[in-house]
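> If you scroll down you'll find the structure; I have some questions about it.
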Amino acid sequence: MRLILLGPPGAGKGTQAKRVIEEFDIPHISTGDIFRKNIKEKTELGQKVEGLLAQGKLVPDELTIEIVWDRLDQEDCKNGFLLDGFPRTIPQAEALDEGLAKRGLKLDRVLNIDVDKDSLVKRLSGRRVCPSCGASYHIDNNPTKVDGICDACQTPVIQREDDKEETVLDRIKVYDSQTKPLVDFYNKQDLVFTVDGTLPIDEITNKLVTELKKG
């Protein structure tokens, strides 16, 4: 099963991706994870990506496409995958369709998690992370036990640069202009299933899994 997961930043795609890949035993291909690995290892690509993300901008198509196809051509993707964070633009979607066609493959479904702007800003700007152990928190729904201190390792938690409200609004604007049109692009191929991302997490999962099991 070859799937794409769409939705604005803060829609809960990561949570749903984990549940879907467990249910259908396919790998989760997250461009965000690939980029973060490069950033952590301070590769040349990682430094470019870090600068762009800090400004709420997208990584250029040619870099992203190269990384994605290198991953999709690996053995564990032979029977399917869940793409999260790619494609983000119409040219990327066209490049993906072209690459799949060359390999005699096609997409099965595009899952779209829809969340309103106010909810997204509240979710994202409330995030806090531990710079030491990577634990994540939220000031409203998952706060630290001691204010501002990581429960696991007692390091002061921080707000990531791309979770600050101004950057969040920029990220949403970029999503609306560049990625949201993908819903129309894939609707023309009759592939899109949209779910309300403000519903309880388990309810969202149930709707996605039920839809995918329809075949």
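Glycine too: its Cβ is placed from the backbone N, Cα and C atoms.
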> Let me know which member of L199, L212 Swiss-Prot also records as binding ATP at the site of G10, A11, G12, K13, G14, T15, R127, S136, Y137.
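Between L199, L212, Swiss-Prot records just one in the ATP site with G10, A11, G12, K13, G14, T15, R127, S136, Y137, namely L199.
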> Do you know which of R103, R171 Swiss-Prot groups with T31, R36, K57, L58, V59, G85, F86, P87, R88, Q92, R160 in the AMP site?
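Only hit among R103, R171 in Swiss-Prot's AMP site, alongside T31, R36, K57, L58, V59, G85, F86, P87, R88, Q92, R160: R171.
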> Of G10, G12, G14, C130, C133, which binding-site residues come within 10 Å of V59 (AMP binding site), going by C-alpha to C-alpha distance?
none
> Work out, from DSSP, the number of helix, strand and coil residues along the region 'LID' (126-163).
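The region 'LID' (126-163) comes out at 3 helix, 11 strand, 24 coil.
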> In three-state terms from DSSP, label F86 (AMP binding site) for me.
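For F86 (AMP binding site) - judged by DSSP and reduced to three states - the answer is coil.
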> Within 10 Å of C150 (Zn(2+) binding site) by C-alpha distance: pick out those among the binding-site residues G10, G12, K57, and say none if nothing qualifies.
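Correct set: empty; none qualify.
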> Give the distance between the Cα atoms of K57 (AMP binding site) and G10 (ATP binding site), rounded to the nearest whole Å.
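Between the Cα atoms of K57 (AMP binding site) and G10 (ATP binding site), the distance comes to 16 Å.
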